[in-house]
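First up is the structure itself, then whatever we jot down about it.
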Amino acid sequence: MDTESKNKKTTNGGENSNCSHSTRTPDKSIEERFYNWERRSRTTNRFGTTVNSRSYNMYFQGTHNTSRRHTYGNIHHRRRFSDNIRRCLRQLCMKRKTPAKKRSDKLVSRPSLPEHVFTLARIKNVTTFIFNVTSELHYSHIDLKEMPIYAGSGSYGVVKIFKKTDIAVKKVLECFKTELLMTLIAGECALRAKSTLRINNIIPLLAFSIPSKELVFPAYHMDMDSYYHRLARIDKTVQHWKAIEKTFMDLGKAVVFLNVSCGLTHLDIKCGNIFVNVTEGPNPILVDAVIGDFSLALLNTNSTILKSRFDVNISSDKIQSLKVCRGNIKPVFDLVLGHGQTQPCELMIKALNGVGFERRSTPLTSDEGVSIDMYALGQSLMEVILAAGMNFTHRFGISSNPLHFYYHRLMRADYLLDILAYRCMLYQHLFPMTPLTSKNGIPWERAEKIRLQLHSSRHRAEFDKYLEAYDITHRKLFDSLNIFPYLNNLLELAALYCHANPVARTADLLLWN
């Protein structure tokens, strides 16, 4: 018998129909506990009326048969007995409830790092899980006794820094729930990475506000983009490059952990989304770095929460649910390709051939996620090397890719062919041939291999024209590059991350041995 029919029959029975508890079916576990406790303790109630144990069961099931009602005695005893049951049930419920940790609706200080971002509440079925988000993470509004400093803005929203409190608050303008969901998952991954593998290179989530559409993170000194521009203007030592090498190796471990262990592919790794802390002084050295901004992240095939729901306790009587939807799983090719500056060449070839992900309904595999994210991380490392490391011999920095604004920031075929030709010309002068980089083939992109993969004869002809143009304009420049010894390890790492063979990009032998 369903709950509605139970409640209906109990109310129609005429017992305390005006009481708010009369239409409520007790929880089964409470029913069993109360029934066993009453049977063990006594057979008569405090009014001296003998109670049949089967009458308890009939009350809980809501089946009040007319012939059996007389076992309770007169109606006066029935009402007092029903009140006694409800009183005992209230006591059991009070004992069962654990006192909730008090939390303030205002954010008045820097939140501490939580033990868990969310915990498993129940399993709905084999593939669907219900999680409870830690209630202490949510706040209604900020009430800090300081004025924030504007840090930046864009299509994503606005970021402000509270220096005294040492937090960064990101106000999301569009698609807040999607970014919140991915940030919650990434925040839990950050805690797992720190506790299991001591990886501290995923930005942790400190708090969030659904009414204000805000995310709270630890504050960092700057992003990697600002750091390498600053690095290009100072006197660098070997310690600077060793710190950069260690930082990008740790970031590589974090990327592999996100894709393989957490089933989360970032899809937007770049210098602007890597946040760093540096030492004080005129020649700052990298101390640590984290990967942030999971607004474009997707769950891949290694994820175990593809059909999950996350419940956020906003107030005592309001719960906001965040569900993993199709947009968090299915890759959209245009979003994966992005602006093309940090994406691997195989994605550009797919775009030129018109293949993409149009007929694909499954998530990205973890191997695809690793190859995309590691290549983007390698492109970020290449920007640092070329802008801050190669300006010893040249007064200007060498670009790692053709400039996007020349093509009005549109993903046109000539722009993609330009990138492919430029990488074929540049990387053969930078990437070293070592036992690590050559284990899975030649590390740089080769023109003859790309030419064979292009389906259109027009694209092949335009690709050859770009190669000829770069041979005229950039050959002497690239031949004159002088690679300093302290850059060899960094270039080897970049060659692995940006390897022409996607299998080599995990850099297993280098990162985990």
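Glycine is no exception: its Cβ is also placed from the backbone N, Cα and C atoms.
The shown structure was predicted, so the numbers you read here are calculated from the model rather than taken from an experiment.
For reference, Swiss-Prot has these:
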type	residues	note
ACT_SITE	Asp268	active site, proton acceptor
BINDING	Ala151, Gly152, Ser153, Gly154, Ser155, Tyr156, Gly157, Val158, Val159, Lys170	ATP binding site
COMPBIAS	10-23	compositional bias 'Polar residues'
DOMAIN	145-487	domain 'Protein kinase'
REGION	1-27	region 'Disordered'
Between the residue listed as 'active site, proton acceptor' and Gly157 (ATP binding site): CA-CA distance (Å): 16
Nearest-integer angstrom distance between the alpha carbons (Cα) of Ser153 (ATP binding site) and Asp268 (active site, proton acceptor): 17
The residue listed as 'active site, proton acceptor' and Ala151 (ATP binding site), Cα-Cα, nearest whole angstrom: 20
Cβ-based neighbourhood (8 Å from the centroid) of the ATP site, residues Ala151, Gly152, Ser153, Gly154, Ser155, Tyr156, Gly157, Val158, Val159, Lys170 excluded: Lys171
Local confidence of the domain 'Protein kinase' (145-487) - pLDDT mean: 92
Nonlocal residues around Val159 (ATP binding site), in sequence order (Cβ under 8 Å, 6 or more apart): Ala151, Gly152, Ser153, Ala168, Val169, Lys170, Lys171
The residue listed as 'active site, proton acceptor' and Ser155 (ATP binding site), distance between Cα atoms, whole Å: 14
For the residue listed as 'active site, proton acceptor': intrachain residues, at least 6 apart, with Cβ closer than 8 Å: Asp293, Ser295, Leu296, Ala297, Gly338, Ala376
Least surrounded among the binding-site residues, given as Ser153, Ser155, when other CB atoms within 10 Å are counted: Ser155
CB contacts for Gly157 (ATP binding site) [other CB atoms within 10 A, all chains]: 20
For ATP: widest Cα to Cα gap among Ala151, Gly152, Ser153, Gly154, Ser155, Tyr156, Gly157, Val158, Val159, Lys170 in Å: 14
Secondary-structure category, per DSSP, in which Ser155 (ATP binding site) falls: coil
